[in-house]
Amino acid sequence: MKMHLVFLWIWMGTISLGMFQMGFANVMFSSVAEVLFDQFEEFGNTEGAIVGSRDMFNLVMITAVPAGAVLGSLSGGYLVAYGRRKAILGINVVLCLATGMTMIFNFYPILIGRIFVGYCVGVLGVVCPMFLSETSFVKVSGPVGAISQVMITAGIMLAYLFRFLTPINSTDDDKDLERTNSWRYVFMIPGIVALVQSFLLLLVFTDDTPKYYRQVRDERRARRIESLIDPDASRIDLMVGDSQSIVEEKVSLCQQFSPKYRCAFLIGCLLAIYQQLTGINVVILYTNQIIFSSSSTDMNEDSEDERIITSVVGLVNLLSALFSVFLQKKFGRKFLFLVGNIGMCLSLLSLAIYTSLGNNGNVFVITFTLCFVLFFEIGVGSIFYIYISEIMTEVGISVAMTIIWALTVVISLITQTMIKSITRPGTYFLFFGINTLFLLFITFLVKETKGLSKSELKYLYSDHPKTYEPLAASRNSRSSQKSGLTRNSNFRITYSTT
């Protein structure tokens, strides 16, 4: 592998630690919910009706992170104006402070700390995919962009594994209950990761993205970064007009509804809704409730079998995301959207029919659930962050991520009631219907982006009129860049003003 690619992958891996935080923070409480509530119940700090029951305690704590992330996503699109790297470093300071608050054995500091952790991962969920998209070049944009989802699933998997550190049915053993600090080990992970990422960004990877440097009119540094990650790709992109097309306008929220940005903005927002309404958060957050809801076991009761099943789901989730990196080298974004959607529809329909016939065999339910997770990661799970970073502006990405976190809050609030009210078959049929509707949306409205330059992506969904003229017509003005053109060199895009 060429050295510039090694450097790029390590750099992007460092940036994508922010996406690890997103996955871990959203799921980590499920790893310690039982033991933490039992400790509160045993040793105090549970005054007030808000934590009077286990269900309410879990609901408030689980919802705290996505609620904070809604605010973080809204502000993320504006914080990047000060620099993508600076935004990450600043948020990591807040994240370390928030992590410290969650170490305090008291309901309210933990709750406030989790809200601020959510705010931080909300910002990181906007900034990190944007950084990856703006720094990777066309040949590796798919695999590099897929790092986001790989790191999210790695965070989820690690959170699941931490469940094995906590005592099972800890209320039966007061000594284990009093001795365990497993919840503190889990809550400190975001702070540790933030410190590692900040250390690398301060001492090793000290540059921002080429797009940001052009926004602040620093063309020299922008070209230096481009030549560092891939000199050949940088020269080709300059010849097809990428640098000029990105001289880089800052787009407000109101401008998202102008003809130039409206269609891409709406497509990105609909994809955000689709990503959440596939049912994946129900699977990730409430795997055991769905699988064991037909049994006599209490939905809040912890067991070794449930921990193993949850970890298997997390492992398949991670391996599927890794597999999607390979697939994105071979296939287009829209094709993978469609394959993933069709696979999810078939998995959900199988689950719905199987459980509606009165079958309660957990082996088949688990198998179909794992198939659902696999196809989610092949499709919208891994493609979404790449796609919105390709077609949307900074503020547009911020809005899309806000939609994701807002829907996560809603799903967290209604899932247990929904499972109890409409039963497992009803839940599966509901998400099957939603996925079928979005299959039509992808088929007829979503466009392919694989292999397109940044200039072409910028106007893929635009109503802005465009014409094409031979690139040869501009060779006199670009004679110094003429050598080395090897990709899509027959035409360049120009835009009329009428």
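Placement of Cβ uses the backbone N, Cα and C atoms for every residue, glycine included.
Note that TrEMBL annotation is computational and uncurated.
Features reported for this protein in TrEMBL:
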type	residues	note
DOMAIN	11-450	domain 'Major facilitator superfamily (MFS) profile'
TRANSMEM	57-80	transmembrane segment
TRANSMEM	87-105	transmembrane segment
TRANSMEM	111-132	transmembrane segment
TRANSMEM	144-165	transmembrane segment
TRANSMEM	185-205	transmembrane segment
TRANSMEM	263-288	transmembrane segment
TRANSMEM	308-328	transmembrane segment
TRANSMEM	335-357	transmembrane segment
TRANSMEM	363-388	transmembrane segment
TRANSMEM	395-414	transmembrane segment
TRANSMEM	426-446	transmembrane segment
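Here the transmembrane segment (335-357) has long-range neighbours at 278-279, 294, 324, 327-328, 364-365, 368-369, 371-372, 374-383, 423-425, 428-429, 431-432, 435-436, 438-439, 442-443, 446, 448, meaning same-chain residues at least 6 beyond its ends whose C-beta is under 8 angstroms from one of its own. Taking pairs at least six residues apart, the transmembrane segment (87-105) and the transmembrane segment (185-205) share three or more Cβ pairs below 8 Å and count as touching. Using the rule of three or more Cβ pairs under 8 Å, pairs at least 6 apart in sequence, the transmembrane segment (395-414) is not in contact with the transmembrane segment (185-205). Under 8 Å from some Cβ of the transmembrane segment (144-165) lie the Cβ atoms of residues 8-9, 12-13, 16-17, 19-28, 30-32, 128-129, 132-133, 135-136, 180, 182, 185-186, 189, 284, 302, 307, 310-311, 313-315, 317-318, 320-322, 324-325, 328, 377, 381-382, 384-386, 389, all in the same chain and six or more residues away from its ends.
When Cβ-Cβ distances below 8 Å are used as the criterion, the transmembrane segment (111-132) is approached by residues 12, 15-16, 18-19, 21-22, 25-26, 29, 60-61, 64-77, 79-80, 84-85, 87-88, 91-92, 94-95, 97-102, 104, 144-145, 147-148, 187, 190, 194, 209, 385-386, 388-389, 394, 397-398, 401-402, 404-405 of the same chain, each at least six residues removed from its ends. Between the transmembrane segment (263-288) and the listed ranges 57-80, 185-205, 426-446, the one holding the most Cβ pairs under 8 Å is 426-446. Mean model confidence of the domain 'Major facilitator superfamily (MFS) profile' (11-450) amounts to 84 (pLDDT, 0 to 100 scale).
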